[in-house]
Amino acid sequence: MNMKEISKVVDLVRESNPLVHNITNVVVTNFTANGLLALGASPVMAYAKEEVAEMASIAGALVLNMGTLRPEEVEAMLLAGKSANVNNVPVLFDPVGAGATSYRTEVARHIPAEIELASIRGNAAEIANVINERWEIKGVDAGTGNGNVVSIARQAADELNTVAVITGKEDVVTDGERTIVIRNGHPILTKVTGTGCLLTSVIGAFVAVEKDYVKAAVAALTFYGVASELAAAKTVEKGPGSFQIEFLNQLANTTSSDIEKYGKIEELE
């Protein structure tokens, strides 16, 4: 997998304008929609159980995010996910805060048991808790612990039969056989709420147009990281408010040439 291949997926997303159905959380809905629009995808936020199955069936990808968890949303996620599976629509799952409470952890384990996932994305603590591996967590943003991130990612990919994505200072993408580390991004991303949730939806846009889900995820993470670096270079001294606005600009303006120039990936043995 080389940078030229990866950069082509960015162009394909913009040419295809994929419909991404998001069942996401109330904190990030606006930011997610704007980020997808800036990228060149078409977001839809449909949550009602009466319509989610139909909407999911016509989407390019379905993104399930359990950030602000309620029983009615879990029901909607299951309906949408099963419809997506029947209609060969890739499903992405963001198990926000898995491990923080018993209910949240129960849901985070139930969804992959019921729905076939194209990819799961979270920090190390979240992914570890989904597969019942011990990892310290405090709140929904915890991502540090004492385990091996690559090992956890590979185990999750194998157990859940999916592409596992663990994000942090370095990002890991694996299907259990191919494992790629992405070293793009900027620390200021952690100062803006919703950047992780938006990333999962961006991966959804890439998965909608590239059926090699490992390549799609690597392309999405590299693109997202480079866009954040370009935005930070212009705004980091001003603060996270200015960064957030410029980041949306860079999601629209970052090119395949930028990816080839600034992308940093490594395939592990």
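Backbone N, Cα and C define each Cβ position, glycine as well.
It should be emphasised that the depicted structure is a prediction, and the values quoted were computed from it without experimental measurement.
Quick look at what Swiss-Prot annotates:
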| type | residues | note |
| --- | --- | --- |
| BINDING | Met45, Gly194 | substrate binding site |
| BINDING | Arg121, Thr167 | ATP binding site |
Rounded Cα distance, in Å, between Gly194 (substrate binding site) and Arg121 (ATP binding site) is 13
So Gly194 (substrate binding site), by the Cβ count within 10 Å over all chains shown, scores 20
Around the Cβ of Arg121 (ATP binding site), other Cβ atoms within 10 Å, all chains included, total 32
DSSP, reduced to three states, assigns Gly194 (substrate binding site) to coil
Around the Cβ of Thr167 (ATP binding site), other Cβ atoms found within 10 Å total 26
Whole-Å Cα distance, Thr167 (ATP binding site) to Met45 (substrate binding site), is 24
